[in-house]
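Per Swiss-Prot, region 'Beta-hairpin' is recorded for 371-380. Under the heading site 'Protonation/deprotonation site', Swiss-Prot lists D34, citing similarity to another entry as support. Marked as site 'Forms salt bridge with Arg-426, probably closes bottom of cavity' by Swiss-Prot on the basis of similarity to another entry: E156. Here Swiss-Prot flags R424 as site 'Forms salt bridge with Gln-157, probably closes bottom of cavity'. Residues or ranges marked as transmembrane segment by Swiss-Prot on the basis of sequence analysis: 19-39, 58-78, 118-138, 178-198, 210-230, 239-259, 278-298, 316-336, 344-364, 385-405, 420-440, 485-505 (among others).
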Amino acid sequence: MTHTATEPGTSLPLRHRSIAIGAGSLAVLLGALDTYVVVSVITDIMTSVGIALNNIQQVTPIVTGYLLGYIAAMPLLGQASDRFGRRLILQLALAGFAIGSVITALSTDLTMLVSGRVIQGVASGALLPVTLALGADLWSQRNRATVLGGIGAAQELGSVLGPLYGVLCVWLFGSWTAIFWVNVPLAIIAIVLVQFSVPAHQHDPDRPKVDVVGGALLAVALGLLVVGLYSPDPKVSALPEWALPVLSGSGVAFLAFILWESRAKTRLIKPEGVRFGPFFAALAASLAAGAALMVTLVNIELLGQGVLQMDKADAVFLLSRFLVALPIGAVIGGWLATRFGDRIIAVIGMLIAAFGYYLISGWPVDVLAAVHNFGFFTLPRLDTDLVVAGIGLGLVIGPLSSAALRVVPAAQHGIASALVVVARMTGMLIGMAALGGWGIHRFYQNFDALAAKEPKPTGKPNLLELQQQLLNRSITAYSEMYSEMFAITAVVCVIAAVIAIFVGSHRKSGHEAQ
């Protein structure tokens with residue numbers, strides 16, 4: 001059965017389509033900035049709400065609450081855009097984002113602050129998938145990978161600029177609350193741009209209804225998964241003591257979701273016209289890419305502090321090599337996929353990322369002094385390896401989104417885009433919770449093993465020597481831990497490359513006109 005696009009977008013002039021996708025990308029960038037903006041001002045926020053600086057774990061919900069709201073709302077809002085139109089959902093999401101920003105800026109305690117961040121996350125959960133769906137509506141499938149890669153680049157640019165944006169706002173206005181007050185006029189401007197650029201919704205009685213029950217069950221399953229994988233004391237265990245019941249609850253919720261979807265009349269994705277094999281392959285590869293991304297975001301900074309003995313600012317700057325490479329890779333990947341196909345670029349991108357992580361896993365303790373010697377020239381090892389990994393992960397953003405959208409009918413672009421992003425974000429959360437907890441647990445194991453191998457001191461101990469010995473042991477334990485973590489990440493990327501072989505191709509798709 002062949003489906004044709006039901007949106008009027010592909011008949012619009014290129015200039016009008018470009019303005020529309022530019023407005024959507026601006027909304028995506030705004031949401032992405034706020035995902036990472038708190039990183040650079042977290043200590044200011046802690047002081048403002050009365051949390052001691054040595055209790056930083058108490059403000060974890062500021063970040064995780066945003067991400068969980070983002071993920072939980074995304075499937076429902078993506079499907080709502082299929083039902084009610086891209087313009088309306090984008091505008092409602094931007095309005096919700098502004099409201100959440102106001103609540104966050106007015107916060108006087110942690111509860112109010114987290115509530116505002118959750119509202120922001122829920123609202124932001126619509127911006128990326130709905131804009132991706134808009135790109136799929138406005139461009140034929142053979143040409144859309146470039147557009148989707150550009151949207152992905154806007155998302156990744158937020159990760160680069162977010163911390164800098166936070167510092168700039170504090171420097172200009174003198175308070176961290178300015179970050180969120182500035183969001184209000186920016187959101188209003190974006191709402192106006194969307195109103196005048198995004199095509200109006202064409203009423204279609206055959207459009208799918210919103211599966212509220214299915215979306216809620218999926219949100220519960222994902223939320224419990226993250227809670228079950230997060231260890232508050234990784235020194236004792238890589239998993240928390242409540243892991244078994246909570247993960248079991250996640251499994252039950254996911255099973256209930258599957259049962260509901262198999263019997264319900266209204267589903268998140270109607271099976272008619274969907275090629276589930278390539279679609280699930282794109283989701284699985286996106287999940288793996290998300291896990292690799294989060295392992296890098298978390299652990300390069302920690303490596304800088306634990307192994308290279310940098311302060312926080314210098315350690316964060318280390319990550320800039322990777323973060324700058326991501327959006328560049330996203331733009332290049334979309335352009336290449338338009339010419340050579342999504343499958344081949346997705347596979348190559350994951351293999352390049354795997355090679356980058358393989359190189360990172362071999363970093364010596366003095367990696368800042370290490371170089372790659374190519375005979376006629378040398379390249380700094382740390383910079384080069386991070387750029388390789390970043391380019392590789394960036395390359396797959398557009399092709400995986402395009403491949404997933406190609407194998408579903410146009411009427412379900414919103415929910416399909418949402419599930420691709422959900423898969424990626426779920427991978428990020430799993431990477432942060434599971435590999436992060438496991439990694440710190442491995443640090444303490446390595447630390448204790450090194451201590452057991454050291455000869456017992458004889459005579460009166462020298463305090464300075466003991467301090468230096470302890471420092472050297474910590475650096476070695478951290479280095480061994482990160483080598484293991486990035487080696488595992490390389491394997492994950494290779495597995496993702498194999499999975500990407502099974503995503504859709506131009507030749508086998510027939511859902512839309514070319």
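Cβ atoms are placed via backbone N, Cα and C, with glycine included.
Here the features listed in Swiss-Prot are painted onto the structure.
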residue: D34; record: site 'Protonation/deprotonation site'; DSSP class: helix
residue: E156; record: site 'Forms salt bridge with Arg-426, probably closes bottom of cavity'; DSSP class: helix
residue: R424; record: site 'Forms salt bridge with Gln-157, probably closes bottom of cavity'; DSSP class: helix
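Long-range contacts of the transmembrane segment (19-39) within its own chain (CB-CB distance under 8 A, at least 6 residues past either end) are made by residues 9, 12, 45, 62-63, 66-67, 70, 86, 90, 93-94, 97, 101, 117, 120, 123-124, 127-128, 130-131, 134-135, 138, 147, 150-151, 154-159, 161-163, 165-166, 179-180, 183, 186-187, 190, 193-194, 197-199, 316. The listed stretches are 58-78, 118-138, 210-230, 278-298, 344-364; of these, 344-364 has the most Cβ pairs under 8 Å to the transmembrane segment (385-405). Between the transmembrane segment (239-259) and the transmembrane segment (278-298), fewer than three CB pairs separated by 6 or more residues in sequence fall under 8 Å, so the two stretches do not touch. By the Cβ criterion (under 8 Å, sequence separation of 6 or more), the transmembrane segment (278-298) is not in contact with the transmembrane segment (58-78), since fewer than 3 such pairs are found. Panel annotation: around the transmembrane segment (316-336), residues 39-40, 145-150, 152-154, 156-157, 159-160, 163, 293, 296-297, 300-301, 303-304, 308, 310, 345, 349, 382-383, 386-399, 402 of the same chain, lying at least six beyond its termini, place a Cβ under 8 Å from a Cβ of the stretch.
Only residues 6 or more beyond the boundaries of the transmembrane segment (485-505), in the same chain, are considered here, and those with a CB under 8 A from a CB of the stretch are 275, 277-279, 281-282, 284-285, 288-289, 291-292, 295-296, 299, 341-343, 346-347, 350-351, 353-355, 357-358, 360-361, 392, 396, 399-400, 403-404, 406-407, 435, 438-439, 442. Away from its own ends, the transmembrane segment (58-78) comes close to residues 34-35, 38-39, 42, 45-46, 51, 89, 93, 110, 113-114, 117-126, 129-130, 133, 210-212, 214-216, 218-219, 222-223, 226, 230, 268, 414-419, 421-422, 425-426, 428-429 of its chain (Cβ-Cβ under 8 Å, at least six residues beyond either end). Only residues 6 or more beyond the boundaries of the transmembrane segment (210-230), in the same chain, are considered here, and those with a CB under 8 A from a CB of the stretch are 64, 68, 71-73, 75-76, 79-80, 83, 239-240, 242-243, 246-247, 249-251, 253-254, 256-257, 260-261, 264, 266-268, 422, 426, 429-430, 433-434, 437.
Cβ neighbours of R424 (site 'Forms salt bridge with Gln-157, probably closes bottom of cavity') (same chain, under 8 Å, six or more residues apart in sequence): S286, L287, A289, G290, L293.
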